[in-house]
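These come from TrEMBL:
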BINDING   A:Arg108, A:Gly138, A:Asp159, A:Ser209  S-adenosyl-L-methionine binding site
BINDING   A:Glu210, A:Glu213, A:His214  Mg(2+) binding site
Amino acid sequence: MYVNKFGRLMFGLYSRNTAAVCGVVQAQRAGGRSGFSWTAVCRQRTLWLRRSASLESQHHTVPCHMSARSASHSTVDPDEVRKFQSLASKWWDERGEFAALHAMNDLRVPFIRDNLLNEHRLGHPGKPLAGLRILDVGCGGGLLTEPLGRLGADVLGIDPVGDSIGTAQVHTAFDPDLRQRVSYRACTLEDLSEEEEHGGGRYDAVVASEVVEHLADLETFAFCCGHVLKPGGSLFITTLNKTNLSYALAIVAAEQLLRIVPSGTHDWEKFISPVDLERLLESNGFSVQSIQGMLYNPVSGAWSWTNSTAINYALHAVKAREDPHTEQAEESTADTHS
Amino acid sequence: MHKLSRATLSLNGLGRCLIAEKYVSTIKITSRGFVCAEHRDESGKNEVYDVIISGGGLVGSAMACSLGMDPNLEGKKILLLEAGNKKVMDKVPDTYSTRVSSISPGSASFLTGIGAWDHITQMRCKPYKKMQVWDACSDALITFDKDNLEDEMAYIVENDIAVAALTKQLDSLSDNVRVQYRSKVVKYAWPMPHQTADSIPWVKVTLASGETVQTKLLIGADGPNSMVRRALGIATVKWNYDQSAVVAVLNLSEPTENNVAWQRFLPTGPIAMLPLSDTESSLVWSTSHRLAEELLELDEESFVDAINSAFWSNENQSELIETAGSLFRSALSVLMPSAGSPRQLPPSVAGISPKSRVMFPLGIGHASEYIRHRVALIGDAAHRVHPLAGQGANLGFGDVACLTKLLSQAAFDGKDLGAIQHLLEYETERQRKNLPMMAAIDLMKRLYSTNAAPVVLLRTFGLQATNMIPTLKEQIMSFASK
């Protein structure tokens, strides 16, 4: 997700970020791979919106203003809702700035679904992932959270950007089907991991799609994922590889030339190769099951699976089960069944 | 402003607002001031369905069955709205109904898949093995049949029986699919393409009873004068043929192994006799409006005479055409001696079933768009054809099969059912199949609507040549059988 702030939050660089908002806007004009924060611009825009909304409300007649404030009994405050409106149209506009992410659902949802079905053998018709608890880290506007909810899973989406969580909640609120299964929280993975009881892990799967390339500290991320997952739980990551090709295509072409992605979204230094990621995860108690390359076609606007992991790739890892004896017994029963 | 007008309505106490749930909500509105009134779904009355199908005819009911039986759509809420009454058929009536459809093998396998074909075969249906199409202005003819007359080419099924079979199948799917009869829709409200915070993102359907329902996907199956299509403002390419079809149930002079479908192209329009049983056949006579009215007014004997002479007489043939035709035929038989078929005559008609003569106007129509955000059109709502090729119902079933397959895949991928991506795929796939078929049917109709000599010669040669080329005939049959 476009959550550059995520990693910085983990180190408490929050204050530095807000102070740097004005400086950052000038840096945008300069262009280039400065550590530009997309969410910093969002914050500034929402500050501007708040200011202009309050100016507008001063022009309204007093009774209207008062009743709009005090009379609302629904969970969503109309003022807040108006603010999200500009962002809402960005996240959920399928042809807008996040078009590539919407299109990526065609790959990542089947990837997650099929691998979970392999692991868990559920298969309720109509709700294949029913009974599973999934955590979507860096969910943004809920683009991936909603499809997983529709497949029957109980999904919690977290994102440190409160505005995005607000957008996601508003979008989900209208669907009675999703309201029961999908929930959101504005927090970081670290916060959530601290809340877990010692030794407990509640989630069957953790999904971190387009998140890892925005983090500063991957060790902590991997540790926290391991902490919140049940033994044998799955971790799904989609991210970009650190190669010359990914620089040429994902940074130069996608951001600056074709503008598929807003400029400054990605920092090539933060990309990680699948080999490094695999090593990192395995040292944190995961076993990597599969890595698949993905390719975006800007002409058709569609993603496809590919053999090369040079640009984008998707990874599925499984947290080690507790008891090695149980693991062996499960393997042998799996063999007799297959 | 929207909210102000709601308040005014509630204050004036218009009839519509005094229905129970609306009344309660208007009280809430006046007490809350100007809170956006659309967060109403917690009242439970504006139920949100996953799919609503508007129109419970042949194609609409088939769509409901198809969705209800799909495993990936289990647990989704599906609603079928039909303005008419429930068509139950406990016992198959002795008399045949006048409106029939020709069901191709492709449609038959689709109907088997949704479990309705068994009901149809148990009630009544007539397979036919051969089809003869010939010209009134010349000797040219073409016959279609499967090899050795073993397999059936297609089936003639009465529309009433087909709908009753689908209704019976829907009864067995009542946990997934809800059917509401006598529910006429009065208004549709469309969602904005981008979801905003204070507007409901679903399609809202208002019924004549005042009830409103919402849906994530609306499927319009409401016939050639589709209200859904008109409400969306979709441009339709359409024109009325100057023709009406006269339909009737005919009693044959003597019982025969009635497994051939006959169609003769008269200059005024095609006349077709479709088998219903060993003793009865269905008549579909497309002709000009004036002639059609005259035919309806004739007494039974004159009507029967008119039918027999339409099939048998050669008065439209001129000397020139006859000689040209036979010359061409002998030329072709030199090239392909074994090809070609002898001309057979259809069985003669003795009488018609009482009160079975009806007429209806014919036209062609094609919607320029089959889909919009959260809406799809299927069946006659999207495309309307001339009955001369017997393809209207088959194209509709093709739409149903395609849309079901795409919705099933979308549900398995966790997608919003009303999302435009798979609806676009449906539109593209179906337009690719429907447009060539419609163009071909329209071309046939125009080609055979004249008895000007050059056109007659052209079509005579064309028909005879096509009759002699087995591979071409097979292509045509497979095109029409899907």
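Quick reminder: no glycine exception, Cβ is built from N, Cα and C everywhere.
Overlay of TrEMBL feature records on the structure.
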residue	record	Cβ neighbours (10 Å)
A:Arg108	S-adenosyl-L-methionine binding site	22
A:Gly138	S-adenosyl-L-methionine binding site	25
A:Asp159	S-adenosyl-L-methionine binding site	29
A:Ser209	S-adenosyl-L-methionine binding site	24
A:Glu210	Mg(2+) binding site	24
A:Glu213	Mg(2+) binding site	24
A:His214	Mg(2+) binding site	23
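Here the candidates are the binding-site residues A:Arg108, A:Gly138, A:Asp159. The one whose C-alpha lies nearest to that of A:Glu210 (Mg(2+) binding site) is A:Gly138. Residues listed for S-adenosyl-L-methionine, A:Arg108, A:Gly138, A:Asp159, A:Ser209, cover a largest CA to CA span of 19 Å. Nearest to A:His214 (Mg(2+) binding site) in space, judged by Cα atoms and limited to the binding-site residues A:Arg108, A:Gly138, A:Asp159, is A:Gly138.
It is 17 Å from the Cα atom of A:Glu213 (Mg(2+) binding site) to that of A:Arg108 (S-adenosyl-L-methionine binding site). According to DSSP, A:Ser209 (S-adenosyl-L-methionine binding site) is assigned to a strand segment.
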